[in-house]
Amino acid sequence: MEQVNQGRENVYPQAAQAFYRTLSQAAISAATPIAAVLVALAFGAALLWVNGFNGSDVVTVMIFGSFQDMRSVGEILLKATPLILIGAGLCVAFRCSIWNIGAEGQLYVGAIAATLVGTNLEGLSVWVHAPLVMLAGAVAGAAWAGIAGYLKVRFQASEIVTTIMLNYIAIILTSYLVTGPMKDASAAYPQSARLLREAWTPRIVSDMRLHIGILVAVVLAVALYIFLQKSSRGFALRVVGLNPHAARYAGMNVKRNVMIAICISGAMAGLAGAFEVAGVTHRLYQNISPGYGFEGIAVALLANNNPLAAIISGGLFATLRSGSEVLQITSQVPQVLVLVIQGIVILSVVAFAKLRDTLRIVA
Amino acid sequence: MSPKPFLRIENIRKRFGSVVASDGVSLEIDEGEIHALLGENGAGKSVLMSMICGMVRPDEGEIVYKGQSVRFNSPREAIRQRIGMVHQHFMLVPNLTVAENYILGQGSALRVINDMDKVHARIRELSERYALDVRPEARIEDLSVGEQQRVEILKALFHGIDLLILDEPTAVLTPQETDRLLALMGDLVKDGKTVVFISHKLDEVMRVSNRISVMRDGRLVKTVNVADTDARGLARMMVGRDVRMELPRGPAAPGRIVLSIENLACRSETGLPALRGVSLDVRSGEIVGIAGVSGNGQTELSLALCGLLPVDSGRVVLNGQDITGLDPARINARSVAHIPEDRHKHGIVLPLSLGENTILQRYNESPFATSGMLNRRPIREHTRDLIRRFRIKSRDVDQKISELSGGNQQKLVVARELARNPDFILVNQLTRGIDIGAMEFVMEEMLKQRDNGRAILLISTELEELFAICDRILVMFHGEILGELPPDRNRLDELGLLMAGQTANVVQPPLAG
Amino acid sequence: MDDMMLLTFLATLAGAAWRLATPLIFASIGEIFSERAGVLNIGLEGTMLVGAFCGFATAFATDSVLLGLIAGIAGGMVFGLIFAFFTITIKADQIVVGAALNLLGLGLTAFLFRTYYVSTGKGIEIAQPINIPWLSDLPFIGEAFFRQNLIVYSTILVTILAALVLYRTSFGLTLRAVGEHPRAADVAGRNVAAYRYSAVLVGTGLAGLGGAFLTLGHSNQFVEGITSGRGFIALAVVVFARWSPIGAFFVSLLFGLFYALQLMLQAQASIVVPYQLLQALPYIMTIITLVVVRGKGAAPSKLGQPYDMR
């Protein structure tokens, strides 16, 4: 293997060598997430087979099963919206070495804020009210994440633990609100009042649930990519994430950058929560999220913390989630299978990333 | 002497990736001698000895010890054969006591520890015998560096040794502590032990060794008897050519005061007093050196000057303006350049490219950024310019800086800092861990900057570096400036005494401020 | 409430606190072993879930609490083996792997529970309280401390044993060295990876036991996500306890008190606080704990870092 490479290096001129190197590294980079997903699917198939289900359903139903018509594609995109938002936001936090595990709670708080704004403020036009609802969600999510950020920079409290605790607190808070102060008095089930029509996130096609949130998610993911890679603030965030000591020496304000990064990720999760309420359910419920906040972590890691790639990995996880719903209906396979697949995807990503680094050293 | 050497190394080779650390080294060590291994940083001394003590396995070659071919798979096997090594980075666990460190790894893992009294007694006895002053119940993290070194040496004795290898033991010691250590080596030899002493300091090596082996670039240059050689000859072998101990330089022409430190006091990050009223001036067109054993407040002085450590009292005045307590960004902006002590930790960001590393402080300034967005072209052009001017060996501006050698990384840091056109340059350890070529280059660059009227403060533990380029040398001890000396090698003794905190024999010059 | 009622209330509270502290005591002491060796396992939550499920499923099949506990420990250790392989052998980021194991633990246990058990709706026999003769008849104190089940009593044994192993054996000494200066332990002839593996296995075994207690000694059912954050709270307990087993015992008791308060105040009709506030109490207290017990002074200095052997 090594000898072949050496021979090749002698034959080709330097430019071709550089090209060859770039190409092979790009191929290895792209191979990692693909291989990780394949391994996870294989594991999922094995799990089904061992427990008496049809293993090949993982491919036929989970991946292709939900692509039946435009409507089902729309449903996938609907699920992809929060995943892309949260995943892209977490890329920013993770690049700054902040382990925000609290996107789930930030989503709930965003949903609460969106509900408050969306059920009140009567008489606004849709052009004002709908964006205001989104803004409220984003601000609330940023603020909730900001608590963990503040506790980290001020008291060195581990954000891993605080963001998780804030998840529980946000979920309990939601439960309190929809059974208490915000409960729709006329309903038997714990839920809030319906959002005003003007506050609803506009749909793309009137007879499908898919709303413009997916477009907002894609645009924001691209924007965050540009922010991280091309802006000076994004540069500072990356430096802080890679080497906080050097960042301090260079005059960067580490605490401020940490706050910015965690608040961006919180804002994205909060916005996802706002879209769930204003675009999908139009009411606040106790279980407004099926775990999008945790799934977002897998989205970001599969994307190698690149917001642009989070669009693709978010779409993939949404497909799996839709497929798992179909699978539950058609074959009674518990839908939580999707959590197992997420876990295996993360493990495979880290395993293959290590393998890739080893390959690069050899090459 | 004895026909059969005590330790014979034959044609040892070792590669780490593409780096050849040992390139066919053969060496003989006699029983009961002090054998010095001399060479520059990176000459392959430590790696060679690590192979003898079982830390590193050789790729090729043979080690014959006490007449038998040996191959150690772990340091433990070497210890069993009575070979001990004191590493540059101590192998002591900070949160354990001295005695606990000694019994670490001894006996079965499931053993209940119930013989601590015996262990303590044994340590006390050994400590008294060699006057090492080691308390068995002391916790390592509470000990000074010098004490920790004695704990390490005693650890080897505790385990029982015939051969002791000391890796750069004097790097962390005062001249007086060094004397004590060299005397100890003599005592050990008297007790029938053999000592290998790794160093890059000529004078120490000449003082205690019987024989000296010089290494360069992973090869053994020659083994000589001390009696048959002199410092100049050894130096030539070490670097492969005549060392220019004296860099060509004209007299300094100090101008106005650029930086003035007045009675500066601050505490270290652990909260202990680190600076106790430091006062000094640096004028334009001069290089002021700060000598001292590491850990005497130099780190805190440079942190405080950069705005990274809160100041308890006193002032720092730059160009007539009080900059005490400003944050690093503001101090950077007032034309202060800083070459930090720990390059990898503070100076550069290893996973980033050369280009990104050159704009660490100026990432938000024109022309590198406009309205918050980075401009790729000016960054690349600026970096290319630095690479050319400072002859930084690299493939490309987009190459990761981690792929460069230490010397080239340091050149990039120096280039970056000087490119900011500073009035004042703070340098902490200019030449640490870099090769001779880069060393000379950056030192000459500093002299050029001096001649261009910059004010330079050079903090260093390498006396040679200070002698070579400074115009005056201040000595720091225990958070204070103890005295000032001209860069005159004939006054080394005085310097050494000051570094050890003894002022009695030195004429005190009037202190600035 | 009059004095008698208050005393009864306090006695019941103390007893419940100890019971509710039990899973935290096991998990946090286990995590102390792991962290002392330099391995931060945030996958504790998933590991406890696996323990809870394995315990439940085994007891369901065999009607034996003891076998259930053993299965819980074994299940936890299987997860520990996965965690150790990824973080120690291939040196992947401990936080990422921990996060993956949490997803995996939640997903796998919920998947299997829904596939096999949810429709049965049956519970299991749980460990019964053992009244210690004479002592259990003491007023108030007897109720609180001497009418617990064997698993609760065993927390004392585990705590003392853990402290002895950590501070009085060669194994414990090496473990403490491995988290602080692994190279030194390596040079002294100890296999750092082997010690980290065993520390993780001890840690996840105890976490599995803590999880199994939830189904075998507390509730008689498995519920998806039954641990409800106890694995994460245990991480905070470790910090508060400054990495000491005996400290972890008492800090866990404090958290057990918060849980107990929440349960008992909910039952008090006269209390007007919304029950959700009480529900949130352990989580809020965890955050406050982290703020009050500041800094990383006592943390093993190589916590979270892989060790490169040459």
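A Cβ is built for glycine as well, from the same backbone N, Cα and C atoms used for every other residue.
TrEMBL assigns the feature transmembrane segment to one of the listed ranges (C:13-35, C:197-219), namely C:197-219. Counting Cβ pairs under 8 Å to the transmembrane segment (C:94-113), the stretch among C:37-58, C:65-88, C:150-167, C:197-219, C:273-293 with the most such contacts is C:37-58. Here the transmembrane segment (C:150-167) lies next to the transmembrane segment (C:197-219) in space: the count of CB pairs under 8 Å, restricted to residues six or more apart, reaches at least 3. Among residues of the same chain six or more beyond the transmembrane segment (C:273-293), those with a C-beta under 8 A of the stretch's C-beta atoms are 229, 232-233, 236, 239-240, 242, 255, 258-259, 261-262, 265-266. Long-range contacts of the transmembrane segment (C:197-219) within the same chain: residues 19-20, 22-27, 29-34, 36-37, 39, 41, 44, 47-56, 59, 65, 68-69, 71-77, 79-81, 83-84, 87-88, 124, 126-127, 149, 151-152, 158, 171, 175, 178, 226-227, 230-231, 234, each at least 6 residues beyond the stretch ends and with a Cβ under 8 Å from a Cβ of the stretch. The list of residues near the transmembrane segment (C:231-261) in space but at least 6 beyond its ends in sequence, with Cβ under 8 angstroms from a Cβ of it, reads 13-14, 16-22, 24-25, 27-29, 31-32, 35-36, 42-49, 102, 155-156, 159, 162-163, 166, 207, 210, 278, 281-283, 285-286, 289-290, 293, 297-300.
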